[in-house]
Amino acid sequence: MNDLTKNLLIWAVIAFVLIAVFSKFSVPAQPAAAVPYSDFLTNVRNGSVKEVDIKGQKIIGLDSNNSRFITYSPPNDAKLVDDLVANKVKFQASPPEERSVLWDIIISWVPFLLIIGLWIYIMRQMQGGGGGRGAMSFGKSRARMMTEDQVKVNFNDVAGCEEAKDEVAELVEFLRDPGKFQKLGGKIPRGVLMVGSPGTGKTLLAKAIAGEAKVPFFSISGSDFVEMFVGVGASRVRDMFEQAKKHAPCIIFIDEIDAVGRQRGAGLGGGHDEREQTLNQLLVEMDGFEGSEGIIVIAATNRPDVLDAALLRPGRFDRQVVVPLPDVRGREQILKVHMRKVPLGDDVRPSLIARGTPGFSGADLANLVNEAALFAARGNKRTVDMNEFEKAKDKIMMGAERKSMVMKEDEKLATAYHEAGHAIVGLSVPEHDPVYKVSIIPRGRALGVTMYLPEEDRYSASKQRLESQISSLYGGRIAEELIYGLEGVTTGASNDIERATSIARNMVTKWGLSSRMGPLAYSEDEGEVFLGRSVTQHKHVSDETAHAIDGEIREVIDRNYTRAKQILTDKMSVLHAMAQALMKYETIDRGQVDALMRGETPPPPADWTDDDSSGGKGTPTKSRPIDGNKTDSGVIGGAASSH
């Protein structure tokens, strides 16, 4: 019986009871007036009574004015009939009304039953009866169950993480045929922790496991366990595992488990809070006295360092599966998966797109294909061509163009010199990523963008490479200083300075790349205090060492600042030429930049006409100050790997 039929039956019963009650106690159209018995006898003798109906002691009648009245006679009044006959009053007698005992009981209990029924109905609604989420259902699990028919994802839909797929293939075999492992005394891992950057496909891989094994799949987020009520989290954990045991074998997937599995006793919340009670219950359910046979817990996080050690021990999360960012082959496979439903042009080559998108996650690549399809739809095209993929890549990597923002010519020229400084220094220092595109079109929060694109995937960085990044980051500010003087330097380099200082500090304090300070770690991992252990850590650096660290950081910055300034001073003609090219074309690519570096005139873009020129001419003088930009200039490139 579905919910609609239940509700109809309930309302039908309520309507029937109400109709019966109202019909029983309904008042006649003309109400009868109560008169004393003595007045009734007087009226009979006066001839003002036309007819009466005698029902036991109850007398109902009509007077000469056709008005109804009611009265009650004394018991065994023998003279009443004689008086009626003598005064020619029409009368009739009928037995008195007798209600059954059952009906009296029903009538007396109906109001109470209605109140109790209404209260039960309201409580069921508040507790989420019928599958909904009620106001009082805070103790129930929020896990969403997907049956084997609802999980449509399999391993064919997961690409770019072959090693991770191989790691979890055993889980599928166990769920399909557990006896194969049990007869040899083997035990399948109770839990698998998937670790990886956001967007690498951890949730998709968990769904694929359930889809391949054809078992129910419970999905819940770590933040769904804890709310404002004490004990709610532990209650939800118990309820979730009770549901899972009823559907075993099955999979429980907990996304972002660091929200509930953080190390106990750390952070600013003290050593006891509601989250810890939830974690304790989770530990018991995963490997307590009762156990959880046939239930495999899969969790995902990008912060494995903050998880409690008891959660990671064998018997709970036995295995950690790293889901990394895809390499060039993985990106090509992911692109092919997402391009299945997209009509592609003849010039689209997934391998070429994959080589041009280092550092992209699976989610980034899915977004790339979607953005390209949207660009094609806006242009009323029937296929998605390579040009749309290039536009989508620029939008994702550099930000959306702010076409409505109108910049003054002097501000555009200052931005052009700034971005040209980045590009020239980046191309002149060793081990630096090549320039992919330079633009002075405002994108996102930046007035201009210089984008570097690695030619291959990199997993580490040398000291020379890091110092080259510092030099190129200061190239924009130095270009403004050389053209406009110190008084004309804008605030556009604020983010560049912050990033360069961060690289220099890490070189000295974390990566051991300073000959003066040596290969020592002088800084602890200063993570968020609410997430990990850093609130309980202390600094182990003396004042003299801290002073030496500051001096070494300053020396690294000054050395690379001087190098970048010398490069731009020697290539002043290239700086002017590149700035003018940016004023003319607004965006120049790698081929045009290379031509400018050789001292040649850059060719115009393929889709450029003279009408597109913004007409920027002339070289500014040092006496003209530039208004401080409140928006940073953008330099996009591969950041140093954290080792």
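Cβ from N, Cα, C; glycine included.
Site annotation for Zn(2+) in TrEMBL covers H418, H422, and the matching candidate from D327, D346, D496 is D496. Other C-beta atoms found within 10 angstroms of the C-beta of K202 (ATP binding site) number 26, with every protein chain shown included. Neighbour density at the Cβ, taken as the number of other Cβ atoms within 10 Å, is lowest among the binding-site residues P198, G199, G201 for P198. The binding-site residues shown are T200, G201, T203; of these, the one with its CA atom nearest the CA of H422 (Zn(2+) binding site) is T200. In the three-state DSSP scheme, S197 (ATP binding site) is classed as coil. Confidence over the domain 'AAA+ ATPase' (188-327), given as mean pLDDT on the 0 to 100 scale, stands at 80.
The Cβ of T203 has fewer other Cβ atoms within 10 Å than any other of the binding-site residues T200, T203. Residues within less than 8 Å, Cβ to Cβ, of S197 (ATP binding site) and separated from it by at least 6 positions along the same chain comprise N302, P324, L325, S361.
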